[in-house]
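Before we start, here is the structure in question, set down as structure tokens.
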Amino acid sequence: MSTKLIAPSILAADFANLQRDVEMINASEADWFHIDIMDGVFVPNISFGMPVLRDIVKHAIKTIDVHLMIVDPDRYIKTFSELGANILTVHYEACTHLHRTLQAIKAEGMQAGVALNPHTSVSLLEDTIRDIDLVCVMSVNPGFGGQSFIENTYDKVKKLKQLISEKGASTKIEIDGGVTNINAKQLMGAGADVLVAGSYVFKASNPTETIADLKKIVS
Ligand code: DX5
Ligand code: ZN
């Protein structure tokens with residue numbers, strides 16, 4: 001059985017038919033729900049917030065993977081735990097005291113993730129990698145769905161995989177942005193564990209089959 005995971009990104013769902021899209025993911029071979037929270041400050045876009053997440057959680061039966069693209073995420077750690085997040089990912093670039101933030105996420109019973117913008121080197125995680133459950137490698141500049149995949153991501157994932165093994169950590173590597181059937185296999189070969197896919201899944205004529213195809217590619 002494959003341990004490689006697929007996490008459809010709700011950002012690309014139809015918000016007027018959100019329950020339908022949540023049920024589609026429930027019934028599919030997807031592993032996680034990827035939930036993008038944007039504040040219009042850390043990234044130049046606003047997505048959705050707590051009330052929407054609350055309603056997603058009411059229907060979702062799989063792991064809730066929340067990606068915070070917000071400044072000063074410490075303000076909301078407790079709130080996201082109460083809302084039902086299982087994994088809470090903050091941006092490296094948004095945290096002045098990253099280690100403290102990671103401890104606070106874990107203290108609330110969630111797994112702690114760190115996202116890296118395309119310009120942020122994986123070497124900056126040398127001193128925290130053992131405290132991180134998930135690194136989300138941004139393969140686009142965060143803020144929007146439907147962007148093109150940045151090719152440098154493969155090298156970055158290889159470096160991160162090496163850092164994780166050197167440090168004896170058990171951190172998972174997640175790739176977020178521009179993921180399709182074209183790059184999925186190579187990403188797994190480089191060391192990825194989780195693929196986030198938004199537009200590729202939701203803009204497909206058959207999202208359930210598209211998820212199954214991605215799952216087959218990574219297995
Ligand atoms: C981008 C978000 C992604 C986005 C991915 O800022 O973090 O999760 O939803 O969308 P696609 O797969 O369309 O690039
Ligand atoms: Zn995301």
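The chain as shown is numbered from 1 upward.
Even glycines carry a Cβ here, placed using N, Cα and C.
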In TrEMBL, the residues His34, Asp36, His67 are said to bind divalent metal cation. Which of Asp176, Asp193, Asp213 is said to bind at that same site?
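TrEMBL names Asp176 for this divalent metal cation site.
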For Ser9 (substrate binding site), which residues in the same chain are close in space, meaning a Cβ under 8 Å from its Cβ, but six or more apart along the sequence?
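Listed in sequence order: His34, Ile35, Asp36, Gly145, Asp176, Val196, Ala197, Gly198, Val201.
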For the recorded divalent metal cation site, whose residues are His34, Asp36, His67, Asp176, find every other residue on that chain with a C-beta no more than 8 angstroms from the centre of their C-beta atoms, and list them by sequence position.
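After dropping the recorded site residues, what remains is Ala7, Ser9, Leu11, Ile35, Asp65, Val66, Thr89, Ala115, Cys136, Val196, Gly198.
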What whole-number Å value do you get for the CA-CA distance of Gly143 (substrate binding site) and His67 (divalent metal cation binding site)?
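Rounded to the nearest whole number, the Cα-Cα distance is 11 Å.
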For ligand 2, which among the binding-site residues Asp36, Gly143, Gly145, Asp176 have a CB under 6 Å from it?
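Cβ under 6 Å from ligand 2: Asp36, Asp176.
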